[in-house]
Amino acid sequence: MSTLQQQDPEIFNLIKQEELRQRDKIRLIASENYVSKAVMEATGSVLTNKYSEGYPGKRYYEGQQYIDQVESLAIQRAKDLFGAEHVNVQPYSGSPANLAVYLAFLNPGDTILGMALPHGGHLTHGAKVSISGKYFTAESYSLDQESGRLNYETIREKALACKPKILIAGHSAYSQVLDFPKFREIADACGALLLVDMAHFAGLVAGGAHPSPVPYADIITTTTHKSLRGPRGAMILCKQEYAAAIDKAVFPGLQGGPHNNTTAAIAVALKEASTEAFKQYAAQIVKNAQALAATLIDNGFNLVTGGTENHLMLIDLTNKGVTGKVAAKALDAAGIVLNYNAVPYDTRKPFDPSGIRLGSAAVTSRGFKEEQMVQVGKWIGAVVADPANTALQAEIASSVRQLCAGFPAPGLEHLI
Ligand SMILES: *Cc1c(COP(=O)(O)O)cnc(C)c1O
């Protein structure tokens with residue numbers, strides 16, 4: 001980046017510092033990852049210079065000789081990887097992908113039913129502050145207070161009562177596998193389309209470490225930058241019968257020109273995701289999450305649902321007498337980065353809730369195995385037990401840096 005360094009040292013220096021932060025800290029934010037150098041190169045390519053409103057073979061601008069091939073490759077790779085009938089790779093990110101689905105099938109005021117935000121649902125599943133909750137009649141289902149798990153009987157009752165046009169399955173903070181056949185049954189019983197938002201666990205599905213929603217869902221949305229380990233972007237997968245409605249909703253319904261550099265990087269990430277190495281990565285994500293979960297439970301932590309079947313964990317810190325925010329800030333000082341998060345039936349406010357959320361995708365990408373996860377769990381236990389102890393945080397931050405030095409992260413090879 002020598003040109004950037006000369007031309008804009010301010011931004012260059014900030015990027016360099018962020019590189020070091022990503023190198024030296026244990027990143028447990030469940031939605032984050034490390035993309036490969038190849039994905040980064042495609043993202044930073046001249047494809048950013050090209051406008052290409054429309055779809056391959058049906059564009060509104062000339063000069064699409066190469067762009068059409070890039071987008072067609074991305075689509076074909078996504079179809080092959082997930083076994084989907086139709087794929088749209090143009091949504092700018094996960095939120096607009098969900099909005100495009102609503103635009104395709106709903107009128108303002110129509111009813112959607114999704115997981116409640118404080119229970120692990122996403123903003124775009126009908127939260128009051130989101131356009132999804134303002135323009136549509138948003139109903140929600142909750143987790144069982146006792147088990148912290150989905151109760152499919154309650155979802156069915158709610159669905160039959162409110163008759164949604166779209167039933168949404170998907171989450172940002174739920175640590176168990178979703179029962180797609182059950183969701184299908186419920187959607188059929190109430191006459192709804194089934195939308196599965198697999199933003200968080202798409203990488204696990206791609207790598208065979210999580211059941212696939214493809215045989216059950218009418219439409220699937222996903223980000224490409226979380227466990228799938230691609231650039232920031234999104235895709236919509238659907239049955240052929242919905243292809244035209246989805247494509248029309250993305251463009252011209254919601255967006256203008258697609259971000260072709262991102263499309264190319266998605267294609268690269270999908271090629272990576274079809275390898276044997278990616279299958280191992282996906283399986284290791286789950287093993288790592290389970291190793292961390294077991295250590296945390298040994299250290300007296302209260303995991304919502306009692307464990308994990310995917311990459312993420314939600315911890316209720318109430319029994320530790322520490323708030324999520326205090327714990328997250330103390331852990332960041334100790335080189336362990338995660339986010340504070342509401343827990344189901346939280347009695348505290350969203351800006352200072354009772355829990356923290358952890359995910360294992362990014363550390364798995366840099367090669368952590370169960371042994372390292374056990375160590376991370378012990379550090380988390382020590383920091384949360386004494387969150388005001390800044391000397392301890394500094395000491396752990398130094399050990400974290402040492403551990404990370406042995407596990408060079410993808411995309412940061414030039415820093416070794
Ligand atoms: C992250 C996420 C999104 C939104 O993705 P953005 O790219 O941040 O807009 C949508 N749905 C779920 C379930 C998510 O976890």
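Quick reminder: no glycine exception, Cβ is built from N, Cα and C everywhere.
A TrEMBL annotation is a machine prediction, not a hand-curated record.
So that you can see what the record holds, here are the features copied from TrEMBL:
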- 4-380: domain 'Serine hydroxymethyltransferase-like' (DOMAIN)
- Leu117, Gly121, His122, Leu123: (6S)-5,6,7,8-tetrahydrofolate binding site (BINDING)
- His225: site 'Plays an important role in substrate specificity' (SITE)
- Lys226: N6-(pyridoxal phosphate)lysine (MOD_RES)
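In sequence order, Gly114, Met115, Ala116, Gly120, Thr124, His125, Gly126, Ala127, Ser130, Ser172 are the same-chain residues whose CB sits within 8 A of the CB centroid of Leu117, Gly121, His122, Leu123, the residues recorded for (6S)-5,6,7,8-tetrahydrofolate being left out. Shown in sequence order, Ser95, Leu117, Val129, Ser130, Ser132 are the residues of the chain, 6+ apart in sequence, with a C-beta less than 8 angstroms from the C-beta of Leu123 ((6S)-5,6,7,8-tetrahydrofolate binding site). For ligand 1, the recorded positions lying close by, meaning a CB under 6 A from one of its atoms, are His122; the full candidate list was Leu117, His122, Leu123, His225. The Cβ of His122 ((6S)-5,6,7,8-tetrahydrofolate binding site) has 24 neighbouring Cβ atoms from other residues within 10 Å, across all protein chains displayed. According to DSSP, Lys226 (N6-(pyridoxal phosphate)lysine) is assigned to coil rather than to any helix or strand. A distance of 16 Å separates the Cα atom of Gly121 ((6S)-5,6,7,8-tetrahydrofolate binding site) from that of Lys226 (N6-(pyridoxal phosphate)lysine).
In this structure, the CA atom of His225 (site 'Plays an important role in substrate specificity') is 16 Å away from the CA atom of His122 ((6S)-5,6,7,8-tetrahydrofolate binding site). Restricting the average to the domain 'Serine hydroxymethyltransferase-like' (4-380) gives a pLDDT of 97. Cβ-based neighbour count (10 Å, all protein chains) for Lys226 (N6-(pyridoxal phosphate)lysine) stands at 26. His122 ((6S)-5,6,7,8-tetrahydrofolate binding site) is 14 Å away from Lys226 (N6-(pyridoxal phosphate)lysine) when you measure Cα to Cα.
Take the CB of Gly121 ((6S)-5,6,7,8-tetrahydrofolate binding site) and look out to 10 A: across all protein chains shown you find 25 other CB atoms.
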